[in-house]
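The structure appears below as structure tokens.
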């Protein structure tokens, strides 16, 4: 579908026309990814499932399977997992739908590139300043409350997009920055707490993290097509934000009526909760190293999001953004699915390979300007991103205390946002290779943090 969708875009520019075989460079990458993804799914659902069933019949359970912890809890877990994923993916769809049309909407309203840059940095600045407090609010006031707050805040942000006024749009970006911080902390914290309180096992938690990443990539692609359809149908770039708001309302309603509440330390105030989390980070090298890895990797990752287009689009050559985005998201989904196959490996050891591989991928644009090798490196990086999300989620569930998990996650979004804002502020005065050099350096530092963490865990700390 992605190939057909992008044919017209590709045919508009001779440089992107298909080769004599009828396949462009990006078509070939997409075909390879789909084949690889199909092979992994075939192994997971056709080959491994009968083998696991046979082991379960002979030994009572299949090692590493969902049922291996508690056969009786498997149906209950499946229901819990399904209900959580439906809500989480609906909320993620609302976020994905907005991304491709933020700048298009601002351009439609006649704002300059400078204005766009100010609005964009305002979103990260809001996440840095105000979003940091989303964690302690979630831990002290309730994770369900925070998830509902995400829906309300992001819906209000969508509503501001109807007004071609810079001040109102700025308010919308500030609200969006707060909402993003809640999205990336409170939903995971609610799920992990609820998972543990219901007595489900670690293999089942790994399964949920794996499916969160795998399905998120698929939802991202689908959201892109829905957003494009909305724009074509309405004829205005504000349409995706209305569809996004609808998703947010539906997801928020489901949370309100179906989710139970859970807390960190309910008796403590927001400031006390933040103080406790900061004290835990300072006193525990393990928690500090987990958060440092998160900040370094995600800081480089968000920088990559803004730099892959200029890295591939040399000398004004048109590239099929939709097709490339589809490749990236399929690679990310493939990574999330692969995590389910290597979940027996400790998360901190797997992340060491993820960081080292990511550093190598970021070095490719520094040594070549050829689109083929760069695209291959970027796809490999997205596959590693797909491995990163469930692995870091598993590591946080193991090492970060339950009473302050959401707060700690948001606390380390401070250096993350500082990294992104700093690189974006100075990237105009740097060449593309230099920006990717910074990304490689951040991943290299994450490798060192991972090695230090492995040393602490190896000593039993």
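From the backbone N, Cα and C atoms, a Cβ is placed for every residue, glycine too.
TrEMBL has this to say about the protein:
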- 29-46: transmembrane segment (TRANSMEM)
- 84-106: transmembrane segment (TRANSMEM)
- 118-138: transmembrane segment (TRANSMEM)
- 213-231: transmembrane segment (TRANSMEM)
- 243-265: transmembrane segment (TRANSMEM)
- 286-309: transmembrane segment (TRANSMEM)
- 321-343: transmembrane segment (TRANSMEM)
- 350-368: transmembrane segment (TRANSMEM)
- 374-395: transmembrane segment (TRANSMEM)
- 407-428: transmembrane segment (TRANSMEM)
- 434-457: transmembrane segment (TRANSMEM)
Within-chain partners of the transmembrane segment (243-265) [C-beta distance under 8 Å, separation at least 6 from its ends]: 83, 86-87, 90-91, 93-95, 97-98, 138-145, 147-148, 150-152, 154-155, 158-159, 189-190, 193-194, 197, 226-227, 230, 273, 276, 402-407
Leading contact stretch, 84-106, 286-309, 321-343, 434-457 vs the transmembrane segment (118-138) - CB distance under 8 Å: 84-106
Selected stretch (most C-beta pairs under 8 A with the transmembrane segment (407-428)) from 213-231, 286-309, 434-457: 286-309
Contact yes or no, the transmembrane segment (321-343) and the transmembrane segment (29-46), 3+ Cβ pairs under 8 Å, gap 6+: yes
Cβ-Cβ under 8 Å with the transmembrane segment (434-457): same-chain residues at least 6 beyond its ends: 285-286, 289-290, 292-293, 296-297, 299-300, 303-304, 307, 311, 346, 348-349, 351-352, 355-356, 358-359, 362-363, 365-366, 419, 423, 427
Top partner of the transmembrane segment (213-231) among 29-46, 350-368, 374-395 - counted as Cβ pairs under 8 Å: 374-395
Same-chain residues near the transmembrane segment (286-309), Cβ under 8 Å, at least 6 residues beyond its ends: 280, 319, 321, 324, 328, 351, 354-355, 358, 362, 378, 381, 385, 388, 392, 395-396, 399-401, 408-409, 411-416, 418-420, 423-424, 427, 432, 435-436, 438-440, 442-443, 445-446, 449-450, 452-453, 456-457, 461
